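Undergrad: Below are the features I grabbed from Swiss-Prot:
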COMPBIAS  153-167  compositional bias 'Polar residues'
COMPBIAS  218-227  compositional bias 'Basic residues'
COMPBIAS  228-237  compositional bias 'Basic and acidic residues'
COMPBIAS  267-292  compositional bias 'Basic residues'
COMPBIAS  304-318  compositional bias 'Basic and acidic residues'
COMPBIAS  322-338  compositional bias 'Low complexity'
DOMAIN    25-79  domain 'G-patch'
REGION    1-23  region 'Disordered'
REGION    147-338  region 'Disordered'
Amino acid sequence: MGLAAAKNKRKLGTDPNNTKWSRNETTFGQKILRAQGWQPGEFLGAKDAAHAVHHTEASSSHIKVTLKDDNLGLGAKRNNGDECTGLFDFQHLLGRLNGKSEDVLEAEKQKRENHIRNHYLEQKIGTIRFVRGGWLVGDVVKEKVTEEDGVPQSDTVDQQVETVPSQDTKDAEPTKRKSKKRKADSDEEDEKEEKKDKKVKKRKTDTEAETDSESSRSKKKEKKDKKEKKDQKEKKDKKDKRKLKDAKQSEESSSDDLESSATETKKSKKDKKKEKKEKKDKKKDKKEKKRKEKELSDSATESEDSKSKAQKRTKDGAEIETSTPGGSGTSTPTVTSSTRFLARQRFIAQKKMAFTDSAALNQIFMIKS
């Protein structure tokens, strides 16, 4: 950005390299290490350890720690925006517009892909280089038998080499030696053919024995499988029978429990009904007793009131009779209080008669004698 960039002012302090903390000997860790016998410049751990030889100055220096604030893997580099995505495709498009042939474009594309692949492998694997493996110590070269002829490959190679000698040897050797060699070669060929026949026979016998053993093994396996299946079926049948028995027993026990619970509930309901009836009867009896007591008290009070009123009336009548003049000889008709309350007196008299009669009282209160 040049002059238009943001100006960051930095003030250099007394410790610009930030090394004061490394020289501070009053920290908690320094105190603990010194108490354990450590001194500045020494390595941690046993001095006579087997790996103490490999210690260097880096083993006694400070450890650099960086704060990891992302989810990338260890050693992964984040994209800082300096990589242009799609640049190769853009170059491919420009090449087609410029009239490049398809072969050239394909070669460039392959070159770019190889470059990207190599770059990825360099980051992933690093400086590892893979080398073609050779013979290890102690390996033994074994002859591979061909399936068609049953002859080892090494024998065939030797045979071809022997049967095809060089032209220089042919010219140098005399004709007698040629005939001897031919005889020897023919004898060797006969021996090899015999060996081949023997090997073929052995293979046949081996294959027959293997087939017989395999058939016997297969029969044994079939028998074992049949036995295992029978055992499994028997076990399953036994388990099913046990399950049925358990289910029946559980059903019977559950039915018994239900019946017992039903009878208990019925009994409890009956008991509750009886208790309710008894409570109601008791309440009714109490109410009837209270009613009778009230009626008796009311009747007693009424009788007392009627008696007191009758006495008052008789007194009033006597006073009136005494107050009338007796010398005239004629009596004036006076309206007494008895005529006024005649109907009420009759009712009161009937009531008194009823209270005196016990049979009438029983009829009134509906009491069975």
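Including glycine, each Cβ sits where the backbone N, Cα and C put it.
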Undergrad: Restricting to the same chain and to residues at least six past its boundaries, which positions have a Cβ under 8 Å from a Cβ of the region 'Disordered' (1-23)?
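TA: Non-local partners: 62.
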Undergrad: Helix, strand, coil: count each for the residues of the compositional bias 'Basic and acidic residues' (228-237), based on DSSP.
TA: 10 helix, 0 strand, 0 coil
Undergrad: What else in the chain is close to the compositional bias 'Basic residues' (218-227), if you only count residues 6 or more beyond its ends and a Cβ gap under 8 Å?
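TA: Same-chain contacts beyond the ends: none.
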Undergrad: How does the compositional bias 'Basic residues' (267-292) divide up by DSSP, counting helix, then strand, then coil residues?
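TA: Counts, helix then strand then coil: 26 helix, 0 strand, 0 coil.
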Undergrad: Per DSSP, how many helix, strand and coil residues does the region 'Disordered' (1-23) have?
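TA: Secondary-structure composition of the region 'Disordered' (1-23): 7 helix, 0 strand, 16 coil.
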Undergrad: Return the average pLDDT for the domain 'G-patch' (25-79) as a whole number.
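TA: When the pLDDT values over the domain 'G-patch' (25-79) are averaged, the result is 82.
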